[in-house]
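Taken verbatim from TrEMBL:
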type     : residues                                                               : note
DOMAIN   : 1-138                                                                  : domain 'Globin'
SITE     : TYR29                                                                  : site 'Involved in heme-bound ligand stabilization and O-O bond activation'
SITE     : LYS84                                                                  : site 'Influences the redox potential of the prosthetic heme and FAD groups'
BINDING  : HIS85                                                                  : heme b binding site
ACT_SITE : TYR95                                                                  : active site, charge relay system
ACT_SITE : GLU137                                                                 : active site, charge relay system
REGION   : 149-395                                                                : region 'Reductase'
DOMAIN   : 152-257                                                                : domain 'FAD-binding FR-type'
BINDING  : TYR190, ARG206, GLN207, TYR208, SER209, PHE388, PHE389, GLY390, PRO391 : FAD binding site
BINDING  : GLY270, VAL271, GLY272, LEU273, THR274, PRO275                         : NADP(+) binding site
SITE     : GLU387                                                                 : site 'Influences the redox potential of the prosthetic heme and FAD groups'
Amino acid sequence: MLDQQTIATIKSTIPLLESAGPALTRHFYQRMFTHNPELKDVFNLAHQHSGGQPVALFNAVAAYARHIDNLAALTGAVERIAHKHTGFLIKPEQYHIVGSHLLATLKELGGEAVTDEILAAWEKAYGLLASIFIGREEQIYAEREEATGGWRGTRPFVIRQKRIESDLITSFVLEPKDGESVVDFIPGQYLSLQLSHPDLAHTEIRQYSLSDAPNGRSYRICVKREVGGQVSNLLHDRLEEGDELAVIPPAGDFFLNATTNTPIVLLSGGVGLTPMLAMLNQLIVTGHPGEVRWLHACEHGGLHAFADDIAGKAARLPNLEARTWYRQPRAGDEGKFDFAGQLDLEQVNELLPAGAHYYFCGPEGFMREVKRQLSERGVEEGRLHYEFFGPHQSL
């Protein structure tokens, strides 16, 4: 643990951190990639270019400083980040590299305001945080490796099925090349792919939500084609059935946790339906006796993935009710949706079970709106569960 002097020194730097803002972490990443370009094969460069990852890291650093005297408040964040790190195969020795560049960044941007005492305090604080992450990540690596069908690092898989699900979404069923079993996951978690290809300047790792219930034999992921997205377009246009992919075991702290009779409401926007599909299929497999609601929003019928699949699930789960919103219905969409416009919970007020747990995923604007509507309805935080695609943000 940290001594009181170190804690006080860290807290004294909060105004400095807040003044610098995400410029601090942008400088950090630029510095690190300049001095250690090999890490470009580890970090998701798309999140660097979008600016999302520097903001997420800054928020994490600032939160650590604010809660340095009460690290229990960061338990949820540590768990989420540790799972992400295992999806990127982060190694203990890489923490030293990150720490050295973080301290150098503080000095370079803070100038004379960052004294030797401050640097020494942050070195201690970072060392503690690194040890927490290294310990938890090793636990996750070991759990995945030791479980039935498990492994550590990457494992060669083969694309057994590639299927177009909508104008933008394609699904991939992946089976291990060795024909052996695969480790189970909890619906809501994601799978990480490590891709090396002539079309890519660097090795890239991407994480995609698993979109079917565990079966012990294969995994299904769904990939949305992103404008300018190197990896998503590679998967859509260049990789075919029979091609191999290097796969990292499932991970993630967003997952279905339904007790016997818990009412469940699954809300999704666009490709955010992928983790919800895994959850819904698991509820069907287990014969969940509680009420289940499927509320999905998308632009129009051309972007409505798995529409027929969802429509057929009511027969397998009698307590399931599904409703769909099309923001801008097109000609020919008649009969495919229930409501035009954005998702509005008032339109399905009578369908929302008392005491339900709400799981939601989709674009940032969609998620903020869902969170607003649920909060206004008095749904407490403990019944709200959500996942961001990309760097985590607070809603």
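The backbone N, Cα and C atoms fix where each Cβ goes, glycine too.
Where TrEMBL records a feature, it is marked here on the structure.
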residue	record	CB count, 10 Å
TYR29	site 'Involved in heme-bound ligand stabilization and O-O bond activation'	19
LYS84	site 'Influences the redox potential of the prosthetic heme and FAD groups'	21
HIS85	heme b binding site	21
TYR95	active site, charge relay system	19
SER209	FAD binding site	26
VAL271	NADP(+) binding site	26
GLY272	NADP(+) binding site	26
THR274	NADP(+) binding site	29
PRO275	NADP(+) binding site	30
GLU387	site 'Influences the redox potential of the prosthetic heme and FAD groups'	23
Using Cα coordinates, what distance in whole Å links THR274 (NADP(+) binding site) and TYR95 (active site, charge relay system)?
32
Which residues, same chain and not among GLY270, VAL271, GLY272, LEU273, THR274, PRO275, have a CB within 8 angstroms of the centroid of the CB atoms at the recorded NADP(+) site?
SER209, CYS222, LYS224, SER268, GLY269, MET276, LEU277, CYS361, GLY362, PHE389
Cα distance (Å, whole number) from TYR190 (FAD binding site) to PRO275 (NADP(+) binding site):
8
Check LYS84 (site 'Influences the redox potential of the prosthetic heme and FAD groups') against DSSP and tell me helix, strand or coil, would you?
helix
Can you check which residue among the binding-site residues TYR190, PHE389 has the largest number of Cβ atoms within 10 Å of its own?
TYR190
Looking at the binding-site residues HIS85, SER209, LEU273, which has the shortest Cα distance to TYR29 (site 'Involved in heme-bound ligand stabilization and O-O bond activation')?
HIS85
For PHE389 (FAD binding site), what is the secondary structure by DSSP, using just helix, strand and coil?
coil
In terms of DSSP three-state secondary structure, what is the assignment for GLN207 (FAD binding site)?
strand
Check TYR190 (FAD binding site) against DSSP and tell me helix, strand or coil, would you?
strand
Can you check which residues sit near GLU137 (active site, charge relay system), meaning Cβ under 8 Å from its Cβ, same chain, 6 or more apart in sequence, and list them in order?
ALA82, HIS85, THR86, ILE90
What is the Cβ neighbour count of GLN207 (FAD binding site) at a 10 Å cut-off, with all protein chains included?
21
